[in-house]
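Over in Swiss-Prot, the protein carries these features:
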type	residues	note
COMPBIAS	394-405	compositional bias 'Acidic residues'
COMPBIAS	409-419	compositional bias 'Polar residues'
MOD_RES	Ser5	phosphoserine
REGION	388-419	region 'Disordered'
MOTIF	149-154	motif 'Selectivity filter'
TOPO_DOM	1-86	topological domain 'Cytoplasmic'
TOPO_DOM	112-135	topological domain 'Extracellular'
TOPO_DOM	155-163	topological domain 'Extracellular'
TOPO_DOM	186-419	topological domain 'Cytoplasmic'
Amino acid sequence: MAGDSRNAMNQDMEIGVTSQDHKKIPKQARDYIPIATDRTRLLTEGKKPRQRYMEKTGKCNVHHGNVQETYRYLSDLFTTLVDLKWRFNLLVFTMVYTITWLFFGFIWWLIAYVRGDLDHVGDQEWIPCVENLSGFVSAFLFSIETETTIGYGFRVITEKCPEGIILLLVQAILGSIVNAFMVGCMFVKISQPKKRAETLMFSNNAVISMRDEKLCLMFRVGDLRNSHIVEASIRAKLIKSRQTKEGEFIPLNQTDINVGFDTGDDRLFLVSPLIISHEINEKSPFWEMSRAQLEQEEFEVVVILEGMVEATGMTCQARSSYMDTEVLWGHRFTPVLTLEKGFYEVDYNTFHDTYETNTPSCCAKELAEMKRSGRLLQYLPSPPLLGGCAEAGNEAEAEKDEEGEPNGLSVSQATRGSM
């Protein structure tokens, strides 16, 4: 029994890295990282692909179907036009102007037809409503000149046509309204900060490892631009279906993940890449999740980064998500910041890179209970990246001493007392 317990403990605690990843580890820690063995487990093995709630690009995979009250979209026409794709937006832009020009061109032609101006083309003694208007094409061109205010040239309205003067006023007013509406739509669509979010980066994976003697869920964010995001803030949500005690099934239930709201750590000064940390404590949804349970769970962590664009003052939002298969247990992010002569340099080639580190396989709840009960919880000061939790019974320790094996990461209470 003791031998089986010891072997299981060693299997849980022995985590290594490949020689290829050895270069990505900080120089001061490379000597302390063990080489990967056959017992190294990958979290993504055995997982079936599932539908994402949110793509890595931030697009939500939610389609609204069977919408009966479609008139609601027309009640907010401005937002509807802004939300259209560019090809449809340009099509609407062109069609609106063309239709208004054709409509008023037809009215100008109708006035000329009713007055009989078309029958006196070239008659010097006849005073038409619009000089040199000889047909529908001329009326259409005159409508364009009137609405775009490019100035009259060959065709011009006369003062002997009161109905033409009234139509001129109406077209000028309606033309200004159309210009304000359509140009406003185009300006808002062009100035939308969606493209600003393209230069905000999230790490490809989230990691779970020890930080300050506590299990933490971490991911990294960065900004590629020199112009910073003002008042940047980060928040995260756990998307996971659950069933209540009454038997109600809640699909895609959203649970807040504390990333520093109570301490102010969620307010970011995003000049260089930052590692966002969520402490797994009693209030965390991952409180009872161990490494083995992580491989069986199905969830998605959605992260949202918000702030104001420094150049425009408009609010920008960047989103990403991490599936359960994208959460790496026992990993840390490779440092990307180095000190050069007179400045700090960020190496984005290693922005997504992680390296493995010894991390307890038990859940945070068990880790806290073991610490409170005085059972083994020993963090070695050297090497700095090694640490673990395990129970050490007197029987297991005696067997290790007989076999001449080092205690490793587990030390008996008597040994700890002597230290």
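Just so it is clear, glycine is given a Cβ too, placed from its N, Cα and C backbone atoms.
Same-chain residues lying 6 or more positions outside the topological domain 'Extracellular' (155-163) and placing a CB less than 8 Å from one of its CB atoms are 111, 115, 127-133, 138, 141-142, 145. Secondary structure of the motif 'Selectivity filter' (149-154) per DSSP, as helix, strand and coil residue counts: 0 helix, 0 strand, 6 coil.
DSSP labels the residues of the topological domain 'Extracellular' (155-163) in these numbers: 2 helix, 2 strand, 5 coil. Helix, strand and coil content of the topological domain 'Extracellular' (112-135), in residues and according to DSSP, is 8 helix, 2 strand, 14 coil.
Beyond the ends of the topological domain 'Extracellular' (112-135), by six or more residues, the same chain brings 142, 154-158, 160-161, 163-164 to within a C-beta distance below 8 angstroms of the stretch.
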